[in-house]
Amino acid sequence: GAGADNDLYINQAIVFIEDAIQYRSINHRVDSKSLWLYRWYYSRTCQWILSLTITVILALAFVEEPSSLTVTSDVRYRLPAWNPPCGLTESIELLCFLVFVVDVSVKSYLIGWKEFWKNKWLMAYILTLIVSIADWIVSLSFFCKERVRIRRILRPFFLLQNSSMMKKTLKSINSTLPEMASVLLLLAVHLSLFTMFAMLLFARTKDNQQDKEWVVYFRNLPDSLTSLLVLLTTANNPDVMIPAYSKNRAYSIFFILFTVLGNLFLMNLLTAIIYNQFRGYLLKSVQSSLFRRRLGIRAAFEVLSSLKETPASAQQSCVSVGALVQVLQKAEMDSRCKQAIMRSLKMCSCDQLSAAQFQKLFEELDKDAIKQHPPSPEYQSHFMQKMQFAFGHPYFGYLGNVVALANIISICVVLVMDADKQPSERDDFFLGAINCFFILYYLLEMLLKILAMGLKRYLSYPSNRFDGLLTVILLILEIATFAVYGFPHPGWRPEFMGLLSLWDMVRLVNMLIVFRFLRIIPNMKFMALVVTTLLDLVKNLRAFAGILVVVFYAFAITGIMLFKGAVVPLGNTSAANTTHDNGTLQCGTYEQLEYWPNNFDDFAEKNVISWCSAHFQAKVIYCVLYVLSVHLICRWAKIYFVAWWLISSVIWVNLFVALLLENFIHKWDRRCQRESLSDIEYQRTVELMFRDVLEEPTEEELMEKLHQHPHLHLCR
């Protein structure tokens, strides 16, 4: 009867509000059983299990053949890696697949068949699972001896489909590609024209001694394109110019023009276009997230207005305050927001809320997360009040910074003096004594700050937690040093006695002291602004990191399939002989530079090579390519590395720069408004970065969307 209907409406409102908080779509089943299943699926436990499953299946690449469980990746010194027996990692994979099958089944059921056929991500999810399970069966049929495993390349999809922000970011990148393609096409034309000029300019002559530029860099079209493409990254500058420049200095004009036009103009133009276009597409994505939030809140209002105890009104729908309180008590939401909404309800004199009032209450979700620090203790003693004033004053913090700087300078002086000394010749007395003095000062400073501020207020500041943690670690290390090696004294050079030698323990203490010097950052406003911008990027732009992981993973697996075992040591020489013969090898080659650790024999090392390539270290990649020359695939391998460089270094890095600029500009514009509020910490999200320019959806848009809901049938 009426009671069951009321319970259903309450549960629907709870789910809609939770959807609004998480920017989720409300187009799912809304009957009692489905709502229970929906809340169970999005509970912390289920989402944690799903995240753990994704992590495990991605991490299998480090363990399964070819295993990365070796100390070194150098092919000359590397011992045979432990490879798991057939069926071990496959069993773990099967468990992961079962979790994914349950995941996709629940998602498909909750949205309904009508919505399922519109959801391309879910259909791709099912197709990926079918292909992966089929490949898993084939792998077991061949007793895990097959070389190509398609399911390994498909694994990053499980990470991608589980994040709505990653999907939106990928959609934004896809929408930006046409504008990026125009600049990349212009870059290709620039590269092609200068390649033809180079082949004409550095053509072969009768004098082979004068043809070094042609022999090394411009012998044919692929080599010429490769040389200029690497020059575009500045990785082979000025090496590529030197042979021609040694003949005639006028040849430098060609290389300077190529670098200025390509690197300074076109590459920076690409950054500007990506910043402008991607910001617009990301703004649209965030606008759609805001619409989802407003739609979820309005859906909650509409179902609560259908409660039987709500007085009927032909003019306007309303919701009772008691019903909203009941919903808030059961809804999973941030305690700060819940308390703020509860306070607003207590201050409200009316018993019924209109749609506008209801929506205004939940605007608390859009506000900055504000953290106010606990108050300092109130001492009755006049002496303690003076102590509190002295040690709670900013000048006491400045004194600590000066002492930390003096500690750093003293460590530098000792390191410079002992740089050329053998360990047996060092006298660690001076360094041990000053470390002891400064650590005691840091301990005293921490205790006095706790006395002045109180423990809760002291721990509420991240800089104090950072300071205090390092001070405690330094104190423990110093006590351990004294317990094992005794107190510092002239000629303090005891033998190795504990887990670490004396010099290792002193070095560890000094490294932590240097790290502790970062405490000065909060006291320098501009530096603090830069650091908080970077921290916000780390916390809020996880979608970009996730997409980068997806691309890294896919390229790494592909690289292992293509080039595994291609890098081998010279002949059967030992490591000693290889080092001895190093002087007879051609300068700048893979062998002469001893790039043996850069190979494609396992997943971890392939990621290291990808990281080098993404950061313009093209020299590493093309040295590897020269070693691959024994394989017919060598020339086609260049396409693989150029594709990786374009995706990682050109596109992804520029996207990261675009959002870094947006975040920094946003913080810079708001800095003046918050300089006086030094006792309050603000935490920003991607949505809040664009909050000032977002448009609120209209009443008509919200109601039209609600009436299109496939499972919710409103009375009006």
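Cβ atoms here come from the backbone N, Cα and C positions, even for glycine.
Bear in mind that TrEMBL entries carry predicted annotations, made automatically and left uncurated.
The domain 'Ion transport' annotation in TrEMBL covers 52-278 (among others). Mean per-residue pLDDT, taken over the domain 'Ion transport' (52-278), amounts to 86.
If you look up TrEMBL, you'll see 398-664 (among others) marked as domain 'Ion transport'.
Among residues of the same chain six or more beyond the transmembrane segment (45-63), those with a C-beta under 8 A of the stretch's C-beta atoms are 69, 84, 89, 92-93, 95-96, 99-100, 103, 152, 155-156, 158-159, 162, 549, 553, 556-557, 603-604. Per TrEMBL, transmembrane segment is recorded for 45-63 (among others).
If one looks beyond the transmembrane segment (92-110) by at least 6 residues along the same chain, the residues whose Cβ comes under 8 Å of a Cβ in the stretch are 28-29, 34, 37-38, 41, 49-50, 53, 56-57, 60, 116, 122, 125-126, 129, 132-133, 136, 151, 158. The feature transmembrane segment is assigned by TrEMBL to 92-110 (among others).
Residues annotated as transmembrane segment in TrEMBL: 122-143 (among others). For the transmembrane segment (122-143), the residues of the chain that approach it from at least six positions outside its boundaries are 86-87, 90, 93-94, 97, 100-101, 104, 107-108, 111, 116, 149-151, 154-155, 157-158, 161, judged by C-beta separation under 8 angstroms.
Taken from TrEMBL, the feature transmembrane segment applies to 180-202 (among others).
What TrEMBL lists as transmembrane segment is 253-275 (among others).
If you look up TrEMBL, you'll see 395-417 (among others) marked as transmembrane segment.
The transmembrane segment feature in TrEMBL is assigned to 429-448 (among others).
What TrEMBL lists as transmembrane segment is 469-488 (among others).
Here TrEMBL flags 508-531 (among others) as transmembrane segment.
Feature annotation from TrEMBL assigns transmembrane segment to 543-563 (among others).
Taken from TrEMBL, the feature transmembrane segment covers 639-661 (among others).
Sequence-distant contacts of the transmembrane segment (180-202) (same chain, at least 6 residues past either end, Cβ-Cβ under 8 Å): 213-214, 217-218, 221, 224-225, 227-229, 232, 244, 251, 254, 258, 261-262, 266-267, 269-270, 273-274, 277, 646, 650-651. When the stretches 253-275, 469-488, 639-661 are ranked by Cβ pairs under 8 Å to the transmembrane segment (543-563), first place goes to 639-661.
Taking Cβ pairs closer than 8 Å, the transmembrane segment (253-275) reaches residues 176, 179-180, 183-184, 186-187, 190-191, 194, 197-198, 201, 228, 231-232, 234, 237-238, 240-241, 244, 650-651, 654-655, 657-658, 661-662 in its own chain, all 6 or more past its ends.
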